[in-house]
Amino acid sequence: MTSEKPQNESFIQKIKSTSLVSQIIVAIILASLLAVISPESAKAFGMLGSLFVNALKAVAPILVLVLVTSAIANQKMDSSAELKPIVGLYFLGTLSAALVAVLLSFAFPTELTLDLAGATANPPQKLTEVLATLAFKVVENPVTAVASGNFIAVLAWGLGLGFSLKHASESSKGMVHDLSEAISSVVRIVIRFAPLGIFGLVANTIATTGFSALGEYSHLVAVLLSAMLIIALLVNPLIVFIITKKNPYPLVFTCLKESGITAFFTRSSAANIPVNMALCKKLDLHEDTYSVSIPLGATINMAGAAITITVLTLAAAYSLNIEVSFATAILLSVVASISACGASGVAGGSLLLIPLACSLFGINNDVAMQVVAIGFIIGVIQDSAETALNSSTDVVFSAAASHHITKE
């Protein structure tokens with residue numbers, strides 16, 4: 001009897017030490033096999049997927065509220081003018097990424113197989129309707145907004161509280177930061193159950209629809225990766241060339257090789273900060289500048305996240321046969337860019353902000369969270385590529401802006 005306990009503990013420790021990516025890959029393989037061997041059993045495991053989606057729905061609103069409040073309240077922007085062009089490039093890059101994602105989604109629309117039983121969508125017909133809906137959603141009671149998943153109001157209250165708390169005492173700001181960390185830790189616990197949830201979702205999906213759903217996911221991944229490659233290899237080099245008037249590709253390829261590859265496997269912009277710092281030193285950039293711009297970039301430079309939010313939101317709209325005008329898509333790009341800045345440091349952060357963007361099209365929380373769950377299924381590739389783009393771009397823009405400053 002005594003020998004069983006150490007063996008059980010060893011098994012649990014082994015599971016804990018295995019990366020989440022590996023667990024998700026194993027879950028997808030096992031779910032696919034179960035769906036082929038015993039479709040009825042696979043459908044029964046669909047409950048695990050439903051539990052996971054409901055857990056995401058529970059944590060997402062309070063996460064966005066506290067995260068945005070803390071990020072703004074504790075933001076310490078350096079007064080040095082040298083940072084202004086870098087920050088400007090960060091926002092330009094993020095907005096450009098969202099626009100590229102819109103164009104690719106228009107050219108290659110993705111429709112997903114979703115459970116639409118009881119789902120509602122009240123798509124706006126004109127841009128004026130979108131703006132009117134936004135205005136009314138913004139002024140909702142914060143408690144009601146969190147309870148009902150009104151992410152527009154949640155974001156507005158987060159911004160309002162954050163700017164108000166910028167002038168609060170350091171102890172008050174510290175308390176908000178601690179609360180943000182606590183909520184983030186709860187989210188990490190939920191994400192740890194992602195392999196079980198994804199097992200249930202994949203098993204039920206394949207048992208119900210066959211392997212056609214996985215074909216949809218491959219199309220979705222192709223659109224996401226194409227948008228990220230266009231930003232990394234075309235848009236970012238163009239921005240660097242306009243600033244430096246030099247061939248941008250030696251810098252871009254150096255950053256992709258020395259920062260992007262590491263970030264691809266760590267899947268964390270924050271964890272990649274030391275790598276980026278060392279690369280900036282190797283590139284002989286000003287330490288006073290990059291010591292601030294790199295950590296700042298890990299927080300607000302979120303081109304990959306903007307692409308993920310935009311592509312998956314438009315996929316949800318197409319799945320519900322919602323007509324998306326170009327003007328509304330541009331508004332989505334702006335919302336996705338702003339939302340992406342709050343995705344840093346949170347497990348599945350960009351995915352959990354999708355409901356916020358979906359609310360622009362009147363898509364309810366139930367459908368939005370199904371799209372989030374699909375995001376976790378493809379997250380093995382999506383999150384790695386997203387982080388690689390985000391982190392390598394931090395150095396690309398820091399180097400380009402530093403060159404511009406030196407020239408002046």
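Here the Cβ of each residue, glycine as well, is placed from N, Cα and C on the backbone.
For 19-39, 48-68, 86-106, 143-163, 193-213, 223-243, 294-314, 322-342, 367-387, the entry in Swiss-Prot reads transmembrane segment.
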- Query: Would the transmembrane segment (294-314) and the transmembrane segment (193-213) count as touching if the test is at least 3 Cβ pairs under 8 Å, pairs 6 or more apart?
  - Reply: no
- Beyond the flanks of the transmembrane segment (322-342) by at least 6 residues, Cβ under 8 Å: 64, 67-68, 71, 91, 94-95, 97-99, 101-102, 106, 121, 123-124, 126-127, 130, 155, 299-300, 302-303, 305-306, 309-310, 313-314, 349-350, 353, 356-357, 360-363
- Message: So, taking each listed stretch (19-39, 48-68, 86-106, 143-163, 193-213) in turn and counting its Cβ pairs to the transmembrane segment (223-243) that are under 8 angstroms, which one gives the highest count?
- Response: 86-106
- So which residues does the transmembrane segment (193-213) touch in its own chain, when a touch means Cβ under 8 Å and the partner is 6 or more beyond its ends? 20, 23-24, 26-28, 30-32, 34-36, 39-40, 42-43, 45-53, 55, 112-113, 348, 373-374, 376-377, 379
- Kindly say whether the transmembrane segment (143-163) and the transmembrane segment (48-68) touch, using the definition of 3 or more Cβ pairs under 8 Å where each pair is 6 or more positions apart. yes
- Grab the same-chain neighbours of the transmembrane segment (367-387) for me: Cβ-Cβ under 8 Å, and only residues 6 or more beyond its ends, written as numbers and ranges. 21, 24-25, 28, 49, 52-54, 56-57, 60, 112, 114-116, 119, 121, 194, 197-198, 201-202, 217, 220-221, 224-225, 228, 263-269, 272, 304-305, 307-308, 312-313, 315-316, 319-320, 348, 350-352, 354-355, 358-359
